[in-house]
Amino acid sequence: MVPGRVLMWGALALTAVMSACGGEDIAADHVASYGLNVYQSYGPSGYYTHEFDGDEEFYVDLGKKETVWQLPLFSKFRSFDPQGALRNIATAKHNLNILIKRSNNTAAVNQVPEVTVFPKSPVMLGQPNTLICHVDNIFPPVINITWLKNGHSVTEGFSETSFLSKNDHSFLKISYLTFLPSDDDFYDCKVEHWGLDKPLLKHWEPEIPAPMSELTETVVCALGLIVGLVGIVVGTVFIIQGLRSGGPSRHQGSL
């Protein structure tokens, strides 16, 4: 990857519940980011997205020029024309070119991304599941996330979000991989970014409980047998005591 380039970040509107007295002291029940768009000279590339409570509501696929809903519920009562996003990206590109000409082109500081891999639900062998690769602290928003299975590149069954914005102006991105857990397979999430000296591999493999050894099984069976025999002996003793204590009372009652 080449060194970092200039990027422009435009955000139109933040909000949910605002008052006329300033927003810094307000605790809102819900927060939405509308019209978050980024364009950068590397590529060139960019993205446009709407977010709600930290989740991506939808993004616009700039290549296909269509709106892609990540929260389908919202698409039932609203729509978004992707042409609006394309106009915003074009404006950002124009402004970026002006800023480049007027600046000294000082490269932004490349942050080191933080990578975590975990399953969506508890792992059970043979039961379909999803692996999640959560990449945080991304800046600038140029990154490549791929999956490896047993050391080989995975070519299908995965998807990812666009860049999600954070309050500190860094970004996060999440990649999903559907898989069938097996004790013979292991996975790696491979992350490439300008903040890394070399690609980062985050390893994951299912944690399968180790089978009991033959000695352990023998001990467990022996303990179970002993407990069973003790139970039989104790039960027999109680029955005999009960018969002895009940004998005289039955004899006296017949007189």
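Placement of Cβ uses the backbone N, Cα and C atoms for every residue, glycine included.
The record in Swiss-Prot pairs Cys189 in a disulfide bond with Cys133, which is drawn from Cys133, Cys221. Taken as a whole, the region 'Alpha-2' (121-204) shows an average pLDDT of 93 in this prediction. Per-class residue totals from DSSP over the domain 'Ig-like C1-type' (113-205), listed helix then strand then coil: 0 helix, 51 strand, 42 coil. Annotation note: Asn104 (N-linked glycosylation site) sits in a coil segment as assigned by DSSP. When each of the glycosylation sites Asn104, Asn144 is scored by how many other Cβ atoms sit within 10 Å of its Cβ, Asn104 comes out lowest.
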